[in-house]
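Asker: Per Swiss-Prot, the features are:
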DISULFID  Cys112-Cys187  disulfide bond
MOD_RES   Ser370  phosphoserine
TOPO_DOM  1-38  topological domain 'Extracellular'
TOPO_DOM  64-74  topological domain 'Cytoplasmic'
TOPO_DOM  98-113  topological domain 'Extracellular'
TOPO_DOM  136-154  topological domain 'Cytoplasmic'
TOPO_DOM  176-202  topological domain 'Extracellular'
TOPO_DOM  226-277  topological domain 'Cytoplasmic'
TOPO_DOM  297-311  topological domain 'Extracellular'
TOPO_DOM  335-391  topological domain 'Cytoplasmic'
TRANSMEM  39-63  transmembrane segment
TRANSMEM  75-97  transmembrane segment
TRANSMEM  114-135  transmembrane segment
TRANSMEM  155-175  transmembrane segment
TRANSMEM  203-225  transmembrane segment
TRANSMEM  278-296  transmembrane segment
TRANSMEM  312-334  transmembrane segment
Amino acid sequence: MEGAFAANWSAEAVNGSAAPPGTEGNRTAGPPQRNEALARVEVAVLSLILFLALSGNACVLLALRTTRHKHSRLFFFMKHLSIADLAVAVFQVLPQLLWDITFRFYGPDLLCRLVKYLQVVGMFASTYLLLLMSLDRCLAICQPLRSLRRRTDRLAVLATWLGCLVASAPQVHIFSLREVADGVFDCWAVFIQPWGPKAYITWITLAVYIVPVIVLAACYGLISFKIWQNLRLKTEAAAAEASAGAEGAAADCAGRAALARVSNVKLISKAKIRTVKMTFIVVLAFIVCWTPFFFKQMWSVWDADAPKEASAFIIAMLLASLNSCCNPWIYMLFTGHLFQDLVQRFLCCSFRRLKGSQLGETSVTKKIHSYTFVLSRHSSSQRSCSQPSTV
């Protein structure tokens, strides 16, 4: 993860390489070294994160496929966000895991550029699909009539994926297979000095973290205001209903209007607030996981005296990787019926197969018994015919 777009000194701090940051052609005199104990811990944690991300998001996609409410708007965005998290696991966590095992990149230049490109594609997609889902929840609360256009959702998701593919294109130019020491090659970034690293890391931080967080904060600010407004409306409607009941039949129309307003507010507070809570927790997990990583990157490029300890980069990278496997557990917490349906479907299929195999065995056993019975009767009749009759 730290190698997805990080400058060379980030990789230098983690891997222990002494290659100068952003320079081409300068090499170290001795072979590169690294902290093997720290590398083993990183490999173990990344392996666990990869397993949880693959299994969790695969279960979410399978549950969304088998549910009866698969055409729900929220489930549509959850499906694409799970696909993006799978992309992060396969194209970002897995290459980083293999890279930590081998220490150096072993592959052609084309593979180096492709891996670096796909690493950032998954990161962009996960961020902006989360942003898209939050905007959808904001529209569902603030403007429910406009949120009913499903075709617009599909176009927005398609545009998001295409935009992520385009925004990740600079990775192909920046990273390449280069000689970082005498006879040692690695997938390395080369920037124009001295402003290149600052410009690129700042742009990535703005595009993937700061701007999305600002938009997400605005969305949930509007959602909070709308919820507060509806709660206030509910209180006023309840008071109007009570006053209408006290005044009698003369205020019957006002009482009915109050009841309608109350039922409308209850609908918002029960049917939509739960989904808003879920997306808010997903956003909060995104902020918690990615803040140390981007803070460390920005500190490294803008402060020449910033510490470059390997442990700090490792912790920030592992925390960022954790975001790809925590979303399925959040989905499970707020939409538990999805996984209950999946478990029930699995148990039903297993029971049917078991019952079918038992029925097959029973039918075969019955056929064997009937065939044995026929043979025994036939043999007994033959014995009775062969015996002489006695008077």
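Placement of Cβ uses the backbone N, Cα and C atoms for every residue, glycine included.
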Asker: Specify the count of other C-beta atoms within 10 Å of the C-beta of Cys187 (disulfide bond).
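Answerer: Step by step: centre on the Cβ of Cys187 (disulfide bond), count other Cβ atoms within 10 Å, giving 23.
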Asker: Tell me, please, if the transmembrane segment (312-334) and the transmembrane segment (155-175) are in contact, taking contact as 3+ Cβ pairs under 8 Å between residues separated by 6 or more positions?
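Answerer: Per Cβ check, the transmembrane segment (312-334) does not touch the transmembrane segment (155-175).
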Asker: For the topological domain 'Extracellular' (98-113), jot down how many residues DSSP puts in helix, in strand and in coil.
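Answerer: Per DSSP, the residues of the topological domain 'Extracellular' (98-113) fall into 10 helix, 0 strand, 6 coil.
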Asker: For the transmembrane segment (155-175), what are the same-chain contacts with Cβ under 8 Å, counting residues 6+ beyond its ends?
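Answerer: Answer is 5, 76-77, 80, 112-113, 116-121, 124-125, 128-129, 132, 187-191, 200, 207.
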Asker: Please report the number of other Cβ atoms within 10 Å of the Cβ of Cys112 (disulfide bond).
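Answerer: Within a 10 Å radius of the Cβ of Cys112 (disulfide bond) lie 21 other Cβ atoms.
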